[in-house]
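Engineer: I am attaching a structure below and will ask some questions about it afterwards.
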Amino acid sequence: MATPTNSDTQENDQYGSADNITRLRVSSLPSSGLTTPEYNHEVKLEKTRGSIVSNDVGFHHVMHNRLKSHFRCSTDRVKKVLFSTLPILSWLPKYEVRENIVSDLIAGITVGIMHIPQGMSYALLATLPPIYGLYSAFFPVIIYAFLGTSRHLSIGVMAVLSIMVGATIERLLPAGAGQLPADLYNSTISNTTMAELQYQAEQAEVQERLYIAGAVTLMSGIFQVAMGLLRLGFITIYLSDPLVSAFTTAAAFHVVNSQIKYLFGLDIPRYSGPLSIVYTVIAIFSRITQTNIATLVTSIISIIVLVVLKELNLRYKHKLKGIPIPSELIVLIIGTVVSHFASMEERYGVKVVGVIPTGLPKPTVPRVSLFGQVAPDCVAISLVSFSYSLAIAKLFSKKYAYGIDANQELLAYGTSNLFGSFFSCFVCSTAISRTLVGEAAGTKTQLMSLVQCVVMLLVLLFMGPLFRSSQISVLAVIVVVNVKNMFKQFSELKPLWRTSRIDFVIWWVTFLAVVLLGLDIGLGTGMAFCLLTVLFRSQRPATTLLGQVPNCDIYRDIHNYKAAQEIPSVKIFRFDMSLFFSNCDHFKTSLYSQTGVDPVILLAQRKKAEAEREKIEKKRAKEAKKSSQDGKEMVELDGFIPMEVEDPPTPKLKTVILDCGPFNFLDSVAVNTLTQVHKDYKSVGVRFLLAHCKANIRDQLVSCGFFEKIECDNLFISVHDAVLFSLAEDAKEEAKEEESQQDGQATDVTHIEMESEI
């Protein structure tokens, strides 16, 4: 038996390697060249015990055994489930204190310090008071430390998710929330009473926002837990890198757009829905003359200081030995001190954080009645949270050579959100900046997250009131500066254009959709467009004819390889995609077009010629009855000239070989298409052969009865074997034709001799 060569590099199975599959045997295969006049080809399909064709064991018995083994309970199974559900049980008992404790302590303290300004700042994006950002940096982190499989992720608030939560809150917030009825301003109520009523209205608005944020967080957690239990961790593959890059870049525009009013000290409403970014820009320019100069000066100085400190961190990160300068915290502390001692709220009308309660919040049940309204937003939030976090987790797991379980990560994120929703938290995720800082500080395990929680607990219990005078504009500066790296993703467009123009179009479609239509609708539009491009490309994949490289059994595209030569009377066709319902028409059209023989058209021409011949014969027979001369029938009709109807030309093509190497699967429509193509070619005297099939394709063809409809000789282990078989059959047919011609000539000679004797 010939050894498969380069032409079979796509074959990834071993024929006859198991007893429970249908096996294909090919004997006496020449290894190379096309000069062998005789070719002995033998194909046998063996139906072995336990095969897909005949199965002695009943279906119900097999399913019973599988279910029994799947739900069997044992000590080892319980341990496996427990350790996979709670990964902390696998690494905490083996924790190397001397080697890791110092690194985890330093990393935890460093990341915890970063959480303070980021938590307060990103709460503004979610349209919530800053304290709830600190809650979101504490409660979910505890759960992830126990359930997460990544050693380096820093769970907490994230800019993109915060802006998505804020958009949902603004969309569902009742009209007039936080405002008193207009008739109260015309009444005789004292200023003190009016202030109390205004305060109560503002608190009621905050409570409404918390209800919506809690419902969003709980629903997102339910979605993520459900996907984890259903083992849907693979779903992120449908969010391609260009799509995610475009989405985060567009989200950065929304983030900056939402913070401009704080940077200028303007009081404008927050818009949501399609074109919200346009309405916000119009509102900003219409009220630009109302800018608070003190707030603007503070914002400019804070931006300069923060950018300089971050650049120093980048330039001297090696000298800092993994412990960066806490730039956000420094800016926040300086801004708070200046605001407090300069009385900027009273003197210049600068907006400050205000009262920050100490202690931990009481657990409350989110408003379940809002689930129906927040569900569409939560689907997008869940996917973005999981895909972004998993991408970062895989990055660090690959760098430090440890495993990540995508489904367990889904459970970890979902459970963190479920738990956090009862403690006034909004949706959590990871942030690449905090994770990188933690890595640089020496993170070894998720003990870092527990240390970070201790830092946050101290802030919540004792240090909250110290940030009462923190300026809102400083928090907005922290948000804006931290998303500046997202704008650097525009630099990816030039190499993306060179790599794939379709991905380039996907990037711009997603970006424009998110900017103009909003985060949720834009993401859905981008995903739909991305899937449409995949569907379009799968409907019309590349097709080509293969030729043989001289003096070997390698077959390549005749258009790309000049050395490849077509074999006379043989066409080798390759379809570079699995065959299924959406591309079957393109398959048939391309096959008939490139081989130069369309059996359907050829049969139609033959039928037409036959009909014309019958019509002429009927006319001749009708006229023959009217006249005869010398015992012979004559057909003469005014204006009618007897003529013979020419048959359509017989195709020179003898064999069409289909290279099935690119086929990874077939559906029922594809099998029916192959059957029909075989019948069409057979009707015009052309052989249709299948070659280079994978084991699963061959087994599927056997199970659906494909080989009962056509001969088994139409299946070959490689393209070269099919070519040799075709040439051998052509040689046999030519030999038969020569014999028949010689017999005909001998018969003619005999008749001539007999006539001459007579």
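Keep in mind that glycine also has a Cβ here, set from the backbone N, Cα and C atoms.
Here TrEMBL flags 560-726 as domain 'STAS'. The feature region 'Disordered' is assigned by TrEMBL to 733-758. The transmembrane segment annotation in TrEMBL covers 122-147, 153-173, 210-229, 235-256, 292-310, 322-342, 370-390, 410-433, 445-463, 507-536.
Just tell me what is around each of these and how deep it sits.
Structural biologist: Here the transmembrane segment (122-147) has Cβ contacts under 8 Å with residues 85-88, 115-116, 153, 155-159, 162-163, 165-166, 169-170, 206, 209-210, 213, 255, 258-259, 262, 270, 353-354, 356-357, 361, 408, 411-413, 415-417, 419-420, 423-426, 428, 446-447, 449-450, 452-453, 456-457, 459-460, 464, 467, 470, 472, 475-476, 479 of the same chain, all six or more residues outside its ends.
Sequence-distant neighbours of the transmembrane segment (292-310) (same chain, 6+ residues past either end, Cβ-Cβ under 8 Å): 262-266, 325, 327-328, 330-331, 334-335, 338, 344, 348-351, 471, 473-474, 476-478, 480-481.
Tertiary neighbourhood of the transmembrane segment (370-390): same-chain residues 153, 155, 158, 160-161, 164-165, 167-168, 171-172, 211-212, 215-216, 219-220, 223-224, 227, 233, 235-236, 239, 244, 247-248, 404, 406, 409-410, 413-414, 427-430, 519-520, 523-524, selected by CB-CB distance under 8 Å and a gap of 6+ residues from either end.
For the transmembrane segment (445-463), the residues of the chain that approach it from at least six positions outside its boundaries are 88, 91-92, 95, 100-101, 104-105, 107-109, 111-113, 115-116, 119, 134-135, 137-138, 141-142, 144-145, 148, 150-151, 154-155, 358-360, 438, judged by C-beta separation under 8 angstroms.
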Engineer: Take the C-beta pairs under 8 A between the transmembrane segment (410-433) and each of 210-229, 322-342, 507-536. Which stretch has the highest count?
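Structural biologist: Stretch with maximum Cβ contacts: 210-229.
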